[in-house]
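Peer 1: Relevant sequence annotations retrieved from TrEMBL are reproduced here:
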type	residues	note
BINDING	247-251, 288-295, 386-388	FAD binding site
COMPBIAS	508-539	compositional bias 'Basic and acidic residues'
REGION	507-539	region 'Disordered'
SITE	Trp319	site 'Electron transfer via tryptophanyl radical'
SITE	Trp373	site 'Electron transfer via tryptophanyl radical'
SITE	Trp396	site 'Electron transfer via tryptophanyl radical'
Amino acid sequence: MTHRTIHLFRKGLRLHDNPSLVGALESSEVVYPVYVLDRAFLEGSMATGALRWRFLLQSLQDLQSSLAARGSLLYVLQGSHEAVLRQLIQQWSITQLTFDTEVEPFYTQLDDRLCALCKELGVVVHSCVAHTLYDVKRIIKANDGEPPLTYKKFLHVLSILGEPDTPARDITLQDFQKCKTPVEDGREGQYQVPSLEDLGIEVDVEVLWPGGESHGLKRLEKHIESQGWVVNFSKPRTIPNSLLPSTTGLSPYFSLGCLSVRSFYYRLSNIYAQSKNHSLPPVSLQGQVLWREFFYTVASATPNFTKMAGNPICLQIHWYENQVALDKWRTAQTGFPWIDAIMTQLRQEGWIHHLARHAVACFLTRGDLWISWEEGMKVFEKYLLDADYSVNAGNWMWLSASAFFHQYTRIFCPVRFGRRTDPDGQYLRKYLPVLKNFPSKYIYEPWTAPLEVQLEAGCVIGKDYPLPMVNHLEVSQRNMALMRQVRSEQANTAQLTRDVADDPMEIGMKREYRDQRPSEDFPEKTERANKRFSPEGEHKSLSCNWVSDTIRLPELSGEVM
């Protein structure tokens, strides 16, 4: 049967590796590419700040341009998914609806409603997995119907499943010459992407991360060109307070699906195949992708994954409710320059390094303020361009030691952690200009500077910049005792996400630091693939994105890092 098809874009705002769109083009005489800007759905699912709205609209504009270059058109309509699609199905005599499969509960609920609508109207539904490496249901099925709750177990399951599906073929001008889009239906600009002003959203900061597939591909190609950088990439060696991103900076494009994670994975595999010595998971680029997949899998089958209450894998902790302290953290008024600079960059740019995320998350939760990880998750959700339901919640549980991470005695010092990689405080001077004239000796602890130094710097602490809101050493010791008690009382819950034999945070990175030995013959590709997924291989469990314990922290037997 030859269909008249609506392809519904949601995430997956790209033309490369888009299997559901390929399927639509190959089975239809007419395809209408559609994006429903369902503001109630988007804002009801996740907090969406102005910067991410701008990134989304830019991504839609980019997709619209890419489709236009292929003789097609992106139909952008505002309203609820059900109401808009009901109207279009009837107006355009649609017989098939295609879209990408998503795993978040708000998307699965939407999918159920759309399938019911299509059944009512006699429309065929076709969907494909494209936002993750694997169909997470396959991973869960291979693990006896339960999500693997540790990274080691997860890798074991992947070793059974083998490599993920290869990316779908590219979509070309010829596809839309064979399968037309009735572009005349989009005349007079009635289906154009709305502006921020149309949506009543104000953004007054420059664009540092332009949205869209074409920008994401350019950033990807820039990194791929340097194959030496790719094969030697080790996340621990990236700098949290560098003035330019020291990682790939691709996460916003993966989050919205402007870039395909499968395409990235296989591009990396091809580069690794040409090198006898390359970094391995968890610190490698491919290791970051696998950690993303782990959190997607666990989140898809864990009730209330973004909450503490009702979440079976999360420790139930009596966090403090302190709105004043939370607001100081959120608005960069803690009195700790390293923490405040990070939170300023987050609000201004929508991106911060994963170790910077470590620092502010630890400070808010188990390190200093003892405030719930849910509150921090909401702030990140609002401001981060790469905000992601599964990864964001998983990481906050990790850094708060509520799940996945068990070395709760390791606490990030809000002074020494940043000073180690930026002793002169250039990062602080950029994001906290009120402190820019402080001598390097004092800039991480400006309250220790003599009054005459403060006056000369034009910033009196307690007047022009706040005093530290807590005594870090005192509160961190107190919080460590509280966490010890919680984990003792809820030992069974803590064990759910802990490997019996190996704790991920105890493994270290022996590939990075072991003695150099003569190279041996490189194994065959199939052996490399098995080793990559083998829980007994060199890639022992650390975490991806921003949760990996990439810097060894001393035990708190009298000293906090």
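The backbone N, Cα and C atoms fix where each Cβ goes, glycine too.
TrEMBL does not curate its annotations; it predicts them automatically.
Are these features on the surface or tucked inside, and what touches them?
Peer 2: Counted within 10 Å of its Cβ, the other Cβ atoms near Ser251 (FAD binding site) come to 24, all protein chains included.
Applying an 8 A CB threshold to same-chain residues 6+ apart, the list for Trp319 (site 'Electron transfer via tryptophanyl radical') reads Thr365, Trp370, Ile371, Ser372, Trp373.
Around Trp373 (site 'Electron transfer via tryptophanyl radical'), a 10 Å sphere centred on its CB holds 27 further CB atoms from the protein chains shown.
Sequence-distant neighbours of Trp396 (site 'Electron transfer via tryptophanyl radical'): residues of the same chain at least 6 apart with a C-beta under 8 Å from its C-beta are Ala361, Thr365, Trp373, Glu374, Gly376, Met377, Phe380, Ser402.
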Peer 1: Let me know the most crowded of the binding-site residues, choosing from Trp291, Phe295 and counting other Cβ atoms within 10 Å.
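Peer 2: Checking each of Trp291, Phe295, the winner is Phe295.
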